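Q: I have a structure I would like to understand better, so I am pasting it below and will then ask my questions one at a time.
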Amino acid sequence: MTQILDLRDTDDPRDIVHRTVQALTEGQVVGLPTDTVYGLAAHALNASAVEKIVEIKGRGDAPMAISVRSRQAAEDFFCESSPIVRRLSHRCWPGPLTLVTPCEHPHSAVGQLPQTVRQRIVGPGGGIGFRVVENRILQAIHRFMAAPLVLTSANLSGQPAQSTAEGVAAQLSDRLPLLLNDGPTRYGGASTVVRVVGNRWEILREGVIERAAMNQFVKPVIVMVCTGNTCRSPMAETLMREMLRQKLGREDAVRVLSAGVAASTGQCASQQSIEVMGERRLDLTGHASQPLGDEIMNVADLVLTMTRSHRAAILAAWPEMQDRVFTLRLDGGDISDPIGMPVDAYRQCAAQMEKELQQWLERLDDQFFPQSSDGDEESA
């Protein structure tokens with residue numbers, strides 16, 4: 001008979017968390033809430049516990065997922081940290097994404113797992129599905145465990161996944177020793193499963209994150225930065241967007257933004273900038289300035305600054321972005337500010353930026369630009 005611990009009946013869930021960690025460490029399988037559906041979890045270093053999941057579900061050879069506490073923890077397992085893998089892990093975790101990526105390299109932490117466990121989590125082509133779940137209880141459990149968890153949905157194989165503990169108990173009450181009840185899950189549906197190999201990605205199962213949203217999550221984001229976001233960076237944004245359109249044959253493949261380190265919100269581009277872009281048949285009339293902030297930096301793949309001081313200011317605020325923030329000039333120099341000068345100075349500035357942008361465009365290889373395909377697969 002299943003022991004059910006109701007987290008809603010306690011003001012301090014730490015005792016339940018500690019009991020759950022002890023049960024997992026002792027090799028038990030625990031039913032617990034995630035952000036998507038209820039799951040069955042086992043200690044990833046305990047091969048017999050993982051086999052118990054298979055027995056409880058009556059599950060065949062379909063691979064199970066690995067649940068880790070953070071994006072940083074997942075990176076210890078990744079053998080291929082492509083731009084798309086990094087992009088999705090930054091934008092979707094913690095959250096309802098199962099990210100499947102190749103993990104056969106001997107230096108991956110996957111090699112520390114028992115062989116029978118690896119056989120249960122490795123899917124076709126050597127891919128392993130990873131989750132970073134947005135759930136307070138599971139996050140608390142992970143904080144007390146050095147190893148990851150093997151995770152799959154808490155239901156009999158072939159039966160619907162459950163978003164409530166009552167639904168899990170109805171299916172598995174005679175098979176599951178411990179079940180945590182935290183009420184209905186946040187999303188009430190399965191995670192979206194995405195496989196990434198190099199610059200190719202495919203949705204294996206569409207779940208909580210719909211295809212249209214995934215198309216946006218995989219899209220590269222390039223940010224141009226100056227001071228006030230009314231002269232240089234808006235022109236650089238417009239030029240880069242047009243150059244990418246010509247290179248890729250479409251306008252929506254890359255998201256190009258601009259911002260200022262000392263910008264106000266909603267200012268128009270300078271009249272000279274509008275005029276110079278108009279001479280190139282590019283429209284800057286709809287531009288509205290914006291300050292650089294977390295909302296932009298959290299999704300940026302590449303940040304190009306007009307000066308060294310802009311780059312220094314950004315890295316002082318976001319030091320973890322060291323490998324994604326560069327001066328537009330490849331030699332590390334500055335793009336001169338034309339503000340307050342005649343229109344010819346803006347023309348010279350635009351020409352200089354165009355030359356530098358072309359060199360950056362040549363440096364962006366195929367790995368930077370995602371290619372998609374379709375598929376179907378079951379996961380946790």
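Positions of Cβ are set from backbone N, Cα and C atoms, glycine also.
Bear in mind that TrEMBL entries carry predicted annotations, made automatically and left uncurated.
What TrEMBL records for CYS226 is active site, nucleophile. Summarising the annotation, TrEMBL assigns active site to ARG232. Here TrEMBL flags ASP337 as active site, proton donor. Feature annotation from TrEMBL assigns domain 'YrdC-like' to 14-209.
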Q: Just to be sure I understand the packing, how many Cβ atoms besides its own are within 10 Å of the Cβ of ARG232 (active site)?
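A: The answer is 32.
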Q: I'd like the Cβ neighbour count for CYS226 (active site, nucleophile), meaning other Cβ atoms within 10 Å of its Cβ, all protein chains included.
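A: The answer is 28.
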Q: Kindly assign the residue listed as 'active site, proton donor' to one of the three DSSP-derived states: helix, strand or coil.
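A: Reduced to three states, the DSSP call for the residue listed as 'active site, proton donor' is coil.
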Q: For the domain 'YrdC-like' (14-209), provide the mean pLDDT of the predicted model.
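A: Taking every residue of the domain 'YrdC-like' (14-209) together, the mean pLDDT is 94.
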Q: Measuring Cα to Cα, tell me the gap between ASP337 (active site, proton donor) and ARG232 (active site) in whole angstrom.
A: 7
Q: Between CYS226 (active site, nucleophile) and the residue listed as 'active site', what is the CA-CA distance rounded to a whole number of Å?
A: 6
Q: Specify the count of other C-beta atoms within 10 Å of the C-beta of the residue listed as 'active site, proton donor'.
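A: Within a 10 Å radius of the Cβ of the residue listed as 'active site, proton donor' lie 16 other Cβ atoms.
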Q: Translate the DSSP assignment of the residue listed as 'active site' into the three-state scheme.
A: helix
Q: Look up CYS226 (active site, nucleophile) in the DSSP assignment and reduce it to helix, strand or coil.
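A: In the DSSP reduction, CYS226 (active site, nucleophile) maps to strand.
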